[in-house]
Amino acid sequence: MSGKHVAVLMGGFSSERPVSLSSGAACADALEAEGYRVSRVDVGRDVAAVLADLRPDIVFNALHGPFGEDGTIQGILEYLEIPYTHSGVLASALAMDKAQAKHVAKAAGIPVADALIMDRREFGNAHPMKPPYVVKPVREGSSFGVVIVKEDQSHPPQVITSSEWRYGDRVMVERYIAGRELTCGVMGDVALGVTEIIPQGHAFYDYDSKYVKGGSAHVIPAQISPNIYQKIQSLAVKAHQAIGCRGVSRSDFRFDDRGEGELIWLEINTQPGMTPTSLVPEMAQHAGLQFGEFLRWMVEDASCLR
């Protein structure tokens with residue numbers, strides 16, 4: 001029995017609050033089963049005062065989205081000098097900003113798709129690049145706000161300039177990469193297995209594919225050639241290190257095996273989902289680590305100055 005006091009941060013106030021509550025509850029239950037003393041913290045604006053009162057030995061960060069994975073909560077934890085899981089201030093901020101993460105990845109020699117950054121309000125009737133392309137909010141996760149513009153669309157979808165848009169004005173317009181959706185977790189500086197994600201009844205791995213039961217199938221190990229499998233693992237570690245990640249991360253890729261075999265890195269996630277059936281815990285289990293053991297590793301890896 002560990003006896004350490006772990007505060008599990010969950011919820012928060014981003015659009016990914018429901019996802020975070022699910023991750024946090026699963027982690028808290030598993031950590032209690034591992035012998036830790038756990039405090040469940042539904043994060044509000046007073047989180048610094050709450051943590052100062054709780055005085056935990058370690059914070060397990062199960063937050064998703066802005067505030068929880070953009071360097072903000074990490075900065076608060078550094079100020080409070082409480083060791084925490086996952087990446088630190090700089091890596092979290094870089095990874096949350098898809099445009100900046102892409103610049104860093106490209107500079108490290110990681111293959112990325114052509115893209116441009118623009119204000120979504122500048123979209124008119126003309127396409128900013130030749131379709132097909134993908135429009136992504138620069139600072140959102142869980143595929144919130146992602147729009148695929150197909151070849152047969154004569155002008156950009158109106159939803160992008162709509163007053164109902166809730167995902168920020170800065171967007172990335174990225175060349176659409178056909179092919180298979182592949183992802184690889186990294187634990188420390190070691191690649192886990194490669195998983196293929198097959199959305200069920202969805203055009204891509206959107207919110208419902210990720211979080212609705214039966215929304216997607218996960219195939220691990222991915223049924224791809226050994227050299228592509230190993231290349232994905234190598235690129236995932238390279239991205240993890242280039243961006244400065246700590247603990248665990250997950251890199252997403254597209255692989256077009258129908259043509260020239262183009263393999264493209266899409267993005268890195270410093271706060272991947274943490275339920276037992278989430279992608280990275282599945283990868284850890286494939287490597288021989290049960291969910292509780294995996295979380296124990298993350299807690300023991302926690303530190304400040306990450």
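Indices start at 1 and increase along the chain as displayed.
From the backbone N, Cα and C atoms, a Cβ is placed for every residue, glycine too.
Swiss-Prot annotations:
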type	residues	note
BINDING	128-183	ATP binding site
BINDING	Asp252, Glu267	Mg(2+) 1 binding site
BINDING	Glu267, Asn269	Mg(2+) 2 binding site
DOMAIN	102-300	domain 'ATP-grasp'
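Where Swiss-Prot records a feature, it is marked here on the structure.
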residue : record                : contacts (Cβ under 8 Å, 6+ apart)
Pro128  : ATP binding site      : Leu116, Met118, Pro156, Val173
Val135  : ATP binding site      : Arg120, Gly145, Val146, Val147, Val149, Pro156, Ile160, Val171, Met172, Val173, Glu174
Ser163  : ATP binding site      : none
Arg170  : ATP binding site      : Ala99, Ile117, Met118, Asp119, Arg120, Pro137, Val138, Arg139
Ile177  : ATP binding site      : Ala113, Arg254, Asp256, Glu262, Ile264, Leu266
Asp252  : Mg(2+) 1 binding site : Glu181, Leu182, Thr183, Trp265, Leu266, Glu267, Ile268, Asn269
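DSSP assigns Val149 (ATP binding site) to a strand in the three-state reduction. Around the Cβ of Asn269 (Mg(2+) 2 binding site), a 10 Å sphere holds 22 further Cβ atoms from the protein chains shown.
The average pLDDT for the domain 'ATP-grasp' (102-300) in the predicted structure is 89. A simple way to gauge crowding: the CB of Val149 (ATP binding site) has 21 other CB atoms within 10 angstroms, across all the protein chains here.
Pro128 (ATP binding site) falls within neither a helix nor a strand when secondary structure is assigned with DSSP, and so counts as coil.
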